[in-house]
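Here is what Swiss-Prot records for this protein:
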MOTIF     5-15  motif ''HIGH' region'
BINDING   Cys96, Cys98, Cys118, Asp120  Zn(2+) binding site
MOTIF     228-232  motif ''KMSKS' region'
BINDING   Lys231  ATP binding site
Amino acid sequence: MRFAPSPTGMFHVGGARSALQNWIFAKQQGGVFVLRVEDTDAARNKPEWTEGILAALEWIGIARGSYEGPYFQSSYATEHRAAASRLHEGGRAYYCDCTREVVQARTGSPHTGYDGFCRDRNLGPGAGRALRFRTPDEGATVVVDLIRGEPTFDNRLIEDFVIARSDGSPVFLLANVVDDMTMGITHVIRAEEHLPNTPKQQLLWDALGVKPPVWAHVPVVVNEKRQKLSKRRDKVALEAYRDEGYLADAMCNYLMLLGWAPSGDREIVPWPVIEEEFRLEEVNPSSAFFDEKKLRAFNGEYIRALPIAEFIAGCQPWLTGTATIAPPPWQPDEFDAEAFAAVAPLAQTRIAVLSEIVPNVDFLFLDSPLIDEGAWAKAMKEGAGDLLDAVIAAFTALPSWDADSTKSTLEAVGAEHGLKLGKAQAPVRVAVTGRRVGLPLFESLEVLGRERTLTRLRAARLRLP
């Protein structure tokens, strides 16, 4: 098995799914997983994209050292050129000097494929001359596909396609085939967008006298509008999800469900079960919807299932400011690990991604809360000042400070003002945390402490008439 990404941008979630499918299939078959970086597009390749591929694979559990590679397609240039020469010398390819504009003028249509004009001109290599494969004039090419059966392609409808540029460098079709042959690849799992290339590549395998691999074209991943996921339009970079605080286990679980389902009525499935149950033959050939809302829900489930120590450890990059997004509004020396540990079980049940921990606990580590003015306007209605006066007095007089005491006290004060507990909580919550929603209020007050709570209530009271 091989996974062959191109280092031309951020690592795509669709690529991550293909990598996982190849990884599992290789383990199931007792085979070898090969990482081959297809780096022949010199104008677009960047070393940081290659490093990003390696880091992304490591994040989803495909660690360096557990596979062969990375190999680089550019290092096989000699083999590519040798294969092109072999095809030319064997009469299976010919040189052509037709430009796209000339072909269009000759055929009268920009959509018509190459017309075979140079097939019998016996041109040799030279400037402006590409090498084209001589497609058979009859018959059909049958692709054996574990997911799609045996798609059949009429050879007469396959144009004589370019396999090498005028400078001798191979195009993707030839380089890909030669690399797979060189590496002894027996199965190719890739996205269905490559299916139109497959009969051409299979013809190349046949022409080079080597048995082609077994193919498996997995369904394309689409957005909610059923459009193929686009780097320009959609959130597709695996790194972006990692940096936002998605868990690798949740991401892997979700990606494997794009086109496949485990046994039973379940979706949250342990990875060992996925590795055991996954079957390429069971993959649905229809397009797979990448539902970010569902992924968030998955991630929330995985977060809630973490042991509390792992949850606390997982939040550390955002709490300490070492994460790449969502920097905390407090200074490193203001962070109180003990206070966070006290509220961590409460926060764990309320966030869907780890980066959401910051706005849920920032009130604990700041001298004054960050007031959401919209929340303030909704909570501080007429009578809020009188309510806060009474709450301040009652909280000051409490003999002990804990969640039960503050709750019963606020409930009593609210009743005196004709308010149920939910209504009475709103101005207190905004005054203390800056927000209308968040962690359970009374447990938060206990951790915050009496003096800091009263200081914030008094500051809020000063803003009111």
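Any Cβ shown, glycine's included, is placed from N, Cα and C.
Projection of Swiss-Prot feature records onto the structure.
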residue: Cys96; record: Zn(2+) binding site; DSSP class: strand
residue: Cys118; record: Zn(2+) binding site; DSSP class: coil
residue: Lys231; record: ATP binding site; DSSP class: coil
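Surrounding the centroid of the Cβ atoms of Cys96, Cys98, Cys118, Asp120, where the record places Zn(2+), the chain contributes additional residues within 8 Å, namely Tyr94, Tyr95, Asp97, Gly116, Phe117, Arg119, Arg121, Leu123, Arg132. Rounded to a whole number, the C-alpha distance linking the residue listed as 'ATP binding site' with Cys98 (Zn(2+) binding site) is 33 angstrom. If you take every residue in the motif ''KMSKS' region' (228-232) and average the pLDDT, you get 88. According to DSSP, the motif ''HIGH' region' (5-15) comprises 3 helix, 1 strand, 7 coil. The number of other CB atoms found within 10 A of the CB of Asp120 (Zn(2+) binding site), across every protein chain shown, is 8.
In this structure, of the binding-site residues Cys96, Cys98, Cys118, Lys231, the smallest number of CB atoms within 10 A of the CB marks Lys231.
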